[in-house]
């Protein structure tokens, strides 16, 4: 599987101990290390893979969304036991993309990791479908009355083994497919068609961001539309089959879809650009930290002029291993942010510090400017990533308790048709699916004519708009909840209000996601070091995973404080009619406002990757308005 990883490791050894810094080119590179003769095919190549993305996302959601309900109803587990299993699965499911991203970037390349993830997804769904269908692989059916009485026969060792094997394979599939699908699709677009050839000078680096192909930016939008469409189908069509027909058929449909789209994906293999694995960057990160600490007592030359400082630091020319062609790693100019790390590139008077071939004799004492700037990229992203986690917490709180609200409302759609309570969350996905094309085709183009920025606004501005709108969604939720709770208390605990009264809060949060979630994806994929683009995508999923745990902590803290003050139930009670969920939503709106202010501060100080320093005497006075407009 890891042919690309072995080739990349060989390339890394040949290129000496210093980090490779190849220039960009309009030619693709295959995973065997050779120069490919074809240019990226863009949408023509993506057309073969987009169906697989949709099928895998649908399969994962078809199991992950109703997993607790499935364990209780089909495996006769106690609610607490089912919740514990679901939490363990959810945690490993959310963080597995980190492992997959590391494997893809360091050893196997994105294509082979994605291929392995797709195979694992198919096998996992086959196992889960069989466990829900074959009588010997599942506990006997149990009525709701027996379940409430606690007399249902629980799962045997064999039943648990088959179930857990299927769940483990889904975790592997998530680790392989989720972090690689977006960056592998992005590889199919020419990242440098506006400035092909060398981009080692600062002018080219500055132009690279401004001239990012429109097709690539559009791909980020439509990729997320596809994943949201898959979630929407899992929450509606598939959920209805699971609830009203059978679990086996509900799992079997996405399984068959994965098999069909996988065949289409393989048919497009000759068109794909396969960027080779670059080897692990983590050793390079560690070297920069160690070298800067070792040289902490040295003084940086020209501390206020990045260009003069870069001229005297260790900044070797681009080195490309013989016969490997090039990869898509851009040479970064020196910046003065986090200047302590610049000390790692100071060349001392030691004559033996640099070998005759230009490589450092002691890589843990001397690092290149490129290595230093790559570490800065990672450090600078962390504050923005934290804001992303805070935004995901707001989304998690609203969607979780919208489901609990739905359980107490009228689920009819028409006179006789009722929807599963979980399906109300599909409005969130539908809002994204409907809004993104409108934004991409109308709003972004109109904004681009005003701002001159590709896509209308920058990725940081896009995230900021999403954070602001999330606060509005929570206010809408609070207003609706106040009406729902009053209605439920007047009618014996069940409100006669239609469940679709909850649609506005989900729709507004969906619009927020169309800005923030897609903005996060694009931000990580463009601001991470180029050879860590797969790990960049994993950072997005890690933010979601972290928010799941932190959302629970937020509820616990709020309940602890409000119980102490009120002397009874907290705002988020087990029975939402007995609590004050509207107050909780208002508190979360304040939380979103705090996140917005925090995000503005992060944006104020953030400098995009590859953006050269401007000398103090050449730059106009920086006002908050100018900085925010720029970012």
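The count begins at 1 with the first shown residue.
Even glycines carry a Cβ here, placed using N, Cα and C.
Taken from TrEMBL, the feature compositional bias 'Low complexity' applies to 1-19.
Per TrEMBL, the feature region 'Disordered' maps to 1-33.
A Cβ distance under 8 Å defines the sequence-distant neighbours of the transmembrane segment (45-64), meaning residues of its chain 6+ beyond its ends; these are 70, 89-90, 93, 117-118, 121, 124-125, 128, 167, 170, 173-174, 177, 181, 184-185, 188, 219, 223, 226-227, 229-231, 233-235, 238, 242, 250-251, 253-255, 257-258, 260-262, 264-265, 267-268, 271-273. What TrEMBL lists as transmembrane segment is 45-64 (among others).
The transmembrane segment feature in TrEMBL is assigned to 84-104 (among others).
Annotated transmembrane segment per TrEMBL: 111-134 (among others), in sequence order.
Look at TrEMBL and you will find 222-241 (among others) tagged as transmembrane segment.
Tertiary proximity for the transmembrane segment (248-273) is limited to same-chain residues at least six positions away from its ends with a CB under 8 Å from its CB atoms, namely 28-29, 36, 38, 40-41, 44-45, 47-49, 51-52, 54-56, 58-59, 62-63, 111, 118-119, 121-122, 125-126, 128-129, 132-133, 184, 187-188, 234, 238-239, 241-242. Sequence annotations record features per position, and here TrEMBL assigns transmembrane segment to 248-273 (among others).
Under the heading transmembrane segment, TrEMBL lists 384-404 (among others).
Taken from TrEMBL, the feature transmembrane segment covers 416-439 (among others). Same-chain residues lying 6+ beyond the ends of the transmembrane segment (416-439) with a Cβ under 8 Å from its Cβ atoms: 65-66, 69, 221-222, 224-225, 228-229, 231-232, 235-236, 239-240, 243, 399, 402-403, 406-407, 499-500, 502-503, 506-511, 513-514, 517-518.
Here the transmembrane segment (459-479) has Cβ contacts under 8 Å with residues 384, 387-388, 391, 394-395, 397-398, 402, 504-506, 508-509, 511-520, 522-523, 526, 582-583, 585-586, 588-589, 592-593, 595-596, 599-600, 603, 606, 628, 631 of the same chain, all six or more residues outside its ends. Among the features that TrEMBL reports, transmembrane segment is placed at 459-479 (among others).
Residues 220-221, 224, 388, 391, 395, 398-399, 402, 405-406, 409-411, 413, 419, 421, 424-425, 427-432, 435-436, 439, 462-463, 465-467, 469-470, 472-474, 476-477, 480, 483-484 of the same chain lie 6 or more positions beyond the ends of the transmembrane segment (499-518) yet place their CB under 8 Å from a CB of it. According to TrEMBL, the feature transmembrane segment maps to 499-518 (among others).
Below 8 angstroms of C-beta separation, residues 90-91, 93-95, 97-98, 100-101, 178-179, 381, 385, 388-390, 392-393, 395-397, 400, 520-521, 524, 528, 570-572, 584, 587, 591 of the same chain, each at least six residues beyond the ends of the transmembrane segment (538-558), sit close to that stretch. Taken from TrEMBL, the feature transmembrane segment covers 538-558 (among others).
What TrEMBL lists as transmembrane segment is 584-606 (among others).
Away from its own ends, the transmembrane segment (84-104) comes close to residues 2, 5, 64, 67-68, 71, 77, 110, 112-114, 117, 167, 170-172, 174-180, 277, 280, 532, 534-538, 541-542, 544-546, 548-549 of its chain (Cβ-Cβ under 8 Å, at least six residues beyond either end).
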